[in-house]
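One structure below.
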Amino acid sequence: MPIYNPTIQTLEMSELKRYSGLTKCTEFPQHLLDHACTEAQIISKPKASWQIYDYDASSATIMSPEPLSLPPTVISKHLANSIKVAVIAVTIGPNLEELVSDYFSKNEYTLGLLLDAAGTTAVELAADQACELIKQEANKQGYTTLFRFSPGYGQWDIRVQPQILSLAHGDEINITVTSTCMLLPRKSITAVIGLTATVPNLPLKEMIEGSKCDQCQQINCLSRKD
Amino acid sequence: MIYIFDGAMGTMLQNAGLPPGYCPELWNQEQPAVITAIHKSYIDSGSDIIETNTFGANRIKLTHYGLEEKVALLNTAAVQAARAACGPATKIAGSVGPTGKLIVPLGDLSFDDAYNVFFEQISALDQAGVDMILIETIIDIQEMRAALLAAKAASKKPVICQMSFGADERTVTGTDPVTATIILEAMGADIIGVNCSLGPAQLLPIVEKIAQTTNCPISVQANAGMPSLINKQTVFPMQPEEMGHWAKKLVAAGARYVGGCCGTTPHHIKSIYQAVKHLSLSDLPTVQLAKKFTALTSRSKTIYLGADHPTVIIGERINPTGRKQLAADIASGQFISVKKEALSQIRAGAQLLDVNMGVPGIDQAKAMQYAIQELSMLVDVPLVIDTTDVNALEAGLKAYPGRALINSVSAEPERLESFLPLAKKYGAAILCLPISPAGVPKTAQDRLVVIQEIIHKAFEIGLKPGDFVLDALILTAAADARAGLEALATLKLYRQHLGYPTTMGLSNISFGLPRRDIINATFCAMALDAGLDAPILNPYDPLMQQTLAASALLLGNDPSGRSYSVNYAPTSQSEERAVPLTPKNIIEQIHLAIVSGEKEAVVPLVEQALREGHGSIEISEQALTTAMNKVGIAFGNGQCFLPQVLLAAESMRAAFLTIKKELPAHATTSLGTIILATVKGDIHDLGKNIVAALLENNGFTVIDLGKDISPEKIVEKALEHKADIVGLCALMTTTMPQIDHTIAALKAAGCSAQTIVGGAVLTQEYANQANADSYAANGVDAVTIAKNFMADKAQ
């Protein structure tokens, strides 16, 4: 089971603005955005773990020691051509969310909100880096990797979260899951990445480059991409 | 001469019957004749150098098969099997592959453990008689550093270092070929190259970049094209003839050792042999090496210093001398201030960061190791290890996945004896300080003599011309009238006689004088003209920033003054901003400050309004409330965004607090009491906190129960506080039913409070079926709903 500690050397300002609902805002104090970025970079402790399993597309089953059947929803369609799957867990640790709470308790709401958004940006960046590692290793063997798909997206029932976290060995990087299927620390992600053959004429492009927002039912989300 | 390596081993073993999942290296012991036959087939195809079947024969990899105690045995058997195939001219390269783990801080394998694993394997290969060590397919420069150090310690034989790069020409851990080459050459790699991951077409530009960076021989072993997965088998498509075609291009680009990696066979090697073996080196194009320079690197970035390059700013702020807070941060092991200084200095223009952990009474080696590890994860600029403690220096150099600058090496014997070998071992550059056992030389000429002595000693140890940065040494102008002049003269002498890049700690010149910033910036401009390449300075100093920008323009490092203009020309946006908004009176000014979210500005305005006799009710109603209403409407219309609403709320709060402070008797009337909670099982509270902030700053009394709150607790508090409204939040589908339970419990308990529900997954429809009185899509909506409800209630 690989363990990787991603680096958070730069946070995309456009992503921070998106997650804080500022995408269309033309004037906002830059120093507040910079401050949130700096704090997120300093206190994040990004970690990722993952495991690669065989995948039986015909039965939509992850062939882990205890096989996990996936429901006949978007996730199984997404993995319809996959031969293997990487199950991944990523976190930036609990420090950031504690600081967000501190800011709110000190009535510094704006910094609290921006730091929360910076935390989301950071954990997504960490996940991107871990996925890149998986992708390059998979590419060496001729596999193409699909974009990561998380429990809760695209009508994939969030109640699968404990099994997915377990398959990713999330406990090794101190991620736990509540009885209501929420990840702790909150700035954590689990996902499944399909590994498929590079076969022409498959509708891979949209699977490789697909937008997660397209799969999400939260049409009023402030962070939704147009 | 062009040397031909062999091709893939794994595929050949599979073809020879190696069962799937079986340890390939175990066949060195069990099936040596098969291994020898594979080597023979490559030799027969033209290989000058064959690679032992030991790619995974390290302790960590062998543990997967329970063979960790057979490291020496399997490596020795591999060399014997290879030797059995060799002709008189064939050389054997001992193959050393990655451990499969990432090194701290990217992974969980310590540098020392990695070193020991490599040392064990390479010792076995060396003792078994390989002709060279081949460290290959490495994706983490820190793992390559550990392996190279181990190879240098375990063997006197040549070491080949081959990294693996992705299609973006970086290793997956971020290192580009130029940076890798600089690091590895400085650490003593004999041959530098690249293998695996990509086909020859993709490796060609990487070989070109390596060739432009080093005089070391270059090796390349490409895969047979980019693989595909066919019938669940990895298939490499490139045919032998095409491989030969690309081999010519690789040799023309500068490679002198050419072979194959995954998917290549004896046929591919034969094709390569036929294409390049008999090429005459004199007929090949000469690769133009970049000019001599001193280069420093992080894991992912190279910075050049010298007269042919723009001025490089070395940030001096990570130094606890005279800075109690920073010293305490380091001593406590927090390193929060250290990291903030790193990021802030880079934002202010620093391209190298000096790192000094000189806090009395702490374990400086431990602190330096931690600081270097943490900073290497946080920033991509190269680091300068600033210490007088040899243990701290080695700890920092070992931990750093790049080529650092050592600050500093003087001509004092103990410094020369202890620091120079470490510079050589870890491939660091040295900052040479002209201080001798006799003290600080007064004149520029004497400083030149001392510096030449340091350089002489460094050459004896094995350092090279690209390893030096010369300090001109600045004394305090207040104490020595010639301090500035001698430093400037020293810079000129260095350039005239040596030509290596130069540095100085600029702020020493102004010690003890007022307005040090003026002196520092003025002296900086003079020094840049005299040949200063990399000043050590405080990058936050605005006067210094201006001086550096202007100097870059005047010294020809900012063509057309583009960068200067970008920074200092008035922009159209700032011109627009310069147009003053002219509120008619103080109430309008407060209103505007709230709308703009100017928290600091609003306080003096409220104080002024109160002094001018405006009443608290007038300020509240005509300035504050109308401003928040305006912000709320703008938010609803999509003209204003949530962080701006929160800034306005913070400003509103600052205004209220000011009124209360100035008029303690002033009592604001609460619009109503609201209980807020995130429901049981739900641990998200950001949205709820935002709603609480907005309600509170709109005049409601908010009792925020927090997150993961049971229905019973919410009922109890609603009754206890006679709540007008209960606001409930849920973020997940799994916790949404708790909204229903809580509302049912409130009604069952006879609570008459209005219920407002919200949260990411909630909808108006869900609110209806849960019997909620209202649904709020966001915090601003919640305020509007609460206000309307209280207004209706009052009627």
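Just so you know, glycine gets a Cβ as well, placed from its N, Cα and C.
Keep in mind the model is a prediction, meaning the values are calculated, not measured.
For reference, TrEMBL has these:
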- B:C196, B:C261, B:C262: Zn(2+) binding site (BINDING)
- B:1-276: domain 'Hcy-binding' (DOMAIN)
- B:311-576: domain 'Pterin-binding' (DOMAIN)
- B:577-671: domain 'B12-binding N-terminal' (DOMAIN)
- B:671-795: domain 'B12-binding' (DOMAIN)
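Feature map: annotations from TrEMBL on the structure.
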residue	record	Cβ neighbours (10 Å)
B:C196	Zn(2+) binding site	22
B:C261	Zn(2+) binding site	28
B:C262	Zn(2+) binding site	25
Reported mean pLDDT - the domain 'B12-binding N-terminal' (B:577-671): 87
